[in-house]
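Data block below; observations after.
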Amino acid sequence: DRQTLVAVLQFLRRSNLRESEEILRREARLLGDDLGGSVATVATSSPGVAAVAAVPLGKGEARADCGVGLFSRREPREVGSPCAVSSPSSKLTHSGDVIGGAVIVEDQPDVSAVLSAYNQQGDPTLYEEYYSGLKHFIECSLDCHRAELSQLFYPLFVHMYLELVYNQHESEAKSFFERFHGDQECYYQDDLRVLSSLTKKEHMKGNETMLDFRTSKFVLRISRDSYQLLKRHLQEKQNNQIWNIVQEHLYIDIFDGMPRSKQQIDAMVGSLAGEAKREANKAKVFFGLLKEPEFDVPLDDEDEEGENEEGKPKKKKPKKDNVGSKSKKQDPNAPPQNRIPLPELKDSDKLDKVMNMKEAARRVRLGPECLPSICFYTFLNAYQGLTAVDITDDSSMIVGGFADSTVRVWSVTPKKLRSVKTAADLSLIDKESDDVLERIMDEKTASELKILYGHSGPVYGTSFSPDRNYLLSCSEDGTVRLWSLQTFTCLVGYKGHNYPVWDTQFSPYGYYFVSGGHDRVARLWATDHYQPLRIFAGHLADVTCTRFHPNSNYIATGSADRTIRLWDVLNGNCVRIFTGHKGPIHSLAFSPNGRFLATGATDGRVLLWDIGHGLMVGELKGHTDTIYALRFSRDGEILASGSMDNTVRLWDAVKAFEDLETDDFTTATGHINLPENSQDLLLGTYMTKSTPVVHLHFTRRNLLLAAGAYSSQ
């Protein structure tokens, strides 16, 4: 569009960005000083807003949004980059709209108005009138449109309030807030509390939440009919103030088809930046499992109780057995085996796999008729200081992270924890003997508990490596530490986060691990690198929990911005964004087959997601407080959830995931139909003695272990 081009070129010239101006000219084939055209002068944009907001916006249609510095809080793209002038494809525009630098037919705002976010000086006294006019219009519209258009209330309320504060109309802002804040949905209460404390322009500068709100577009998903209705109303009323905000700060994702019902909308909204764009969940995800390596399994003739304490099978002639080659067929949804480099299996890993298979043969088949026994580990006298728990895969050790910055490791079996002997003693050992692994251990150091000192702040996350040789812990001090479980000493401190690190987890194959923290990013590390291998940036608030997908190719992160994101380890891209929780996410669990994800949050709901289709497929209601622990049983028949409400609940996962409606229409529009009542999926509720549940773990035989610290209140 010529007018927009001219505006951008003028701006580049004023900012002395000659090089960019030249590139843009060449791209657009504008010669010499051909900068005529009746375009108003361009003022420099306000800080933090990319000067390219004059990209043609398809009048609020699904915009060809190339992230022009509006979504990211990093430096805006250089204005001359090709994306800055991409004109939206013609099919997005309607005839009759002049889509210049967002120039609308009815009035010709100065281009500078488009370039600076909150400087559109509307008449401050009319803001209440504008808002109540729109409110009246929406409340009087037909039921089918009302639910969809009501989504506009919250983002418009926030932006209009911020605009008043920013332009220093403090009394008008106060009255606007008092009059309309009660109308907003209950799940925005916490955000409104933050908002109410911003009463002066100076307050806005340092406030992260509001910075996000201004720089990221709030996404609304609305049917075409409802959108046309809104557009017609705003144009008839000449309500430019609201129209400008819709254009500037909202991303309206328009779909063709029936408008969604209130229930369908309520299930999906509630995050800091609205819903996810449908485009965000379109990428292909390889959610299948990797093929297990094949090796021979020595089987004992007699009962397996004839094993020594180490759990190593006695030396017998190995019989050829095909248990090791269980998954001969490649899962069609699995990633290529070598998509990301995974560590080689050591002999000890193979032994452990053999043990695992033997245990699996004795595993209890769970189901509604056969619920697991639950063994609860209560931490006494922890004085509310227990902040993290993890249990090894073979259920032999349990670790607690504490607020006094210690990490404590217990042995759960009769076998005590022992360190390796000193170097002098090791040199005396016969390295060829069969029991060399026993001999290197120092019996004098045997104890049930080992305490690891090193952090200088509360320990918020702990994770055992799959081979049980290492332990990770992350802390308020901004570091992640790797401890050896052979020597019980710290091997490495990984420094990358500048703020508290809330969670860390080892990959199911070891070697890689992930951490997430207050700096809003998750980082992928390898144990032998000081620097992170990937940085996953995109959340608008703290990354509160992290989980590896069972095939280790993806990482899920839950955040205080009330969204869950799925990241591709290979290239660092965000491949799924799930919205629907009404509070910060605190627990994540992948189903053993890799197809589904369960998430729990402070809103007391467990939401179930189909990863392949990028859809919410279930909602489990029952808990009355934050859910800190989620775990699927070994075969995925049961989902266990543990909460601050002092209960463990068991849900029927098979039933929850059977006969899902994931037809093309549902995937395209997000019309999800959740069953009204999740009570028929609830198999049991188990109360603890005033002990919040912070961790759950299914043993290899499907006994459920739970852990938490007794709280005397």
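Cβ coordinates are placed from backbone N, Cα and C, and glycine is handled just like the others.
Database features, via TrEMBL:
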| type | residues | note |
| --- | --- | --- |
| DOMAIN | 122-250 | domain 'TFIID subunit TAF5 NTD2' |
| COMPBIAS | 297-308 | compositional bias 'Acidic residues' |
| REGION | 297-351 | region 'Disordered' |
| COMPBIAS | 320-331 | compositional bias 'Basic and acidic residues' |
| REPEAT | 379-420 | repeat 'WD' |
| REPEAT | 452-487 | repeat 'WD' |
| REPEAT | 494-525 | repeat 'WD' |
| REPEAT | 536-577 | repeat 'WD' |
| REPEAT | 578-611 | repeat 'WD' |
| REPEAT | 620-652 | repeat 'WD' |
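According to DSSP, the secondary structure content of the repeat 'WD' (578-611) in residues is 0 helix, 20 strand, 14 coil. Outside the repeat 'WD' (620-652), and at least 6 residues removed from its termini, the chain residues within Cβ reach (under 8 Å) are 360, 363, 365-368, 371-372, 374, 376, 583, 586-593, 598-602, 604-608, 678-679, 681-698, 700, 702, 704, 706, 708. Beyond the ends of the repeat 'WD' (536-577), by six or more residues, the same chain brings 208-209, 212, 216, 270-273, 276-277, 280-281, 283, 285-290, 334-335, 339-340, 342, 502-509, 512, 514-518, 520-524, 583-590, 592-594, 597, 599, 601, 609, 611, 614 to within a C-beta distance below 8 angstroms of the stretch.
Across the repeat 'WD' (494-525), DSSP classifies residues as 0 helix, 19 strand, 13 coil.
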